[in-house]
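Feature list (source: Swiss-Prot):
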- C48, C53, C59, S287: [4Fe-4S] cluster 1 binding site (BINDING)
- C74, C78, C81: [4Fe-4S] cluster 2 binding site (BINDING)
- 60-277: domain 'Radical SAM core' (DOMAIN)
Amino acid sequence: MSNSPESSTPKQSIPARFPKWLRQKLPLGKVFSRTDGTIKNKGLPTVCEEASCPNRTHCWSRHTATYLALGDACTRRCGFCDIDFTKKPLPPDPQEGEKIAASAKALGLKHIVITMVSRDDLEDGGADALARIITTLHIELPEATIEVLASDFEGNIDALHHLLDARIAIYNHNVETVERLSPLVRHKATYRRSLMMLEQAAQYLPDLMIKSGIMVGLGEQESEIKQTLKDLADHGVKIVTIGQYLRPSRRHIPVKSYVSPETFDYYRSVGEALGLFIYAGPFVRSSFNADAVFEAMSQRERLSASIQ
């Protein structure tokens with residue numbers, strides 16, 4: 001019998017109301033305003049705004065942001081995502097690396113997180129453009145660590161290796177949901193291909209921190225979350241984020257359930273038993289508190305190395 005907090009409670013197909021644990025105060029202030037001004041002054045899209053992230057005020061009030069590279073429109077139309085869809089995006093901006101570097105300098109970032117729209121219109125999926133951005137950041141901010149949340153490059157392993165050759169601290173690629181729901185949630189992406197890309201990254205650079213993330217509340221079962229965590233661990237992933245799916249608008253996939261904080265704690269214990277570093281909670285997203293997660297994982301690896 002399952003020991004999860006939700007094992008004895010009935011499932012609701014449609015949540016009746018917004019639970020209290022998903023209500024939060026907005027920490028606006030001078031730091032938020034400065035971050036907002038710095039980003040807009042450089043004309044840079046962020047996933048914070050384009051994807052309607054609920055943590056934007058929190059992160060910007062901490063002088064952190066996640067840059068959205070290769071444009072603000074995506075060649076895929078995933079059912080959970082609020083980023084605009086287009087079949088013909090603009091060419092990559094050759095000055096994007098310099099713009100991100102200038103913004104990161106102004107914000108004093110020591111850990112820079114970059115995500116990207118899927119660019120299926122480009123032969124390499126945008127890997128070279130992203131690698132060039134990373135190279136520029138290394139030149140302009142040599143002390144900063146860089147985390148990249150990349151697309152699946154349509155399974156192009158050469159493109160993945162080219163990106164990884166640019167030297168990053170964390171490679172992140174999200175499976176987003178359990179295998180059964182993946183065809184409903186993700187457009188032109190597959191669960192198994194995502195696992196393959198994660199495994200390829202782990203094999204190519206064994207010391208690289210490999211990260212992935214999943215959303216809950218989409219209709220998944222507890223057993224499926226457990227299997228997903230096992231799959232991720234078996235494919236070389238070291239860090240997993242787990243957060244509540246929140247519907248950006250009525251045209252997106254509806255929320256099937258609101259997962260309790262106790263259940264997030266339970267999933268954390270399941271993942272930790274598999275050797276994973278789990279960051280889980282209702283508002284957790286792939287890049288939420290990414291700097292703190294990176295530091296905690298770094299400390300864990302240093303401790304592990306000292307014991308051996």
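For all residues, glycine too, the Cβ spot is worked out from N, Cα and C.
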Cβ-centroid neighbours of [4Fe-4S] cluster 2 site C74, C78, C81, 8 Å, sequence order: R76, R77, F80, D82, I83, F85, V117, S118, H187
Averaged pLDDT score, the domain 'Radical SAM core' (60-277): 95
Binding-site residues compared (C78, C81) - highest count of Cβ atoms within 10 Å: C81
Spatially closest candidate among C74, C78, C81, the listed binding-site residues, to S287 ([4Fe-4S] cluster 1 binding site) (Cα to Cα): C81
Among C74, S287 [binding-site residues], residue with fewest other Cβ within 10 Å: C74
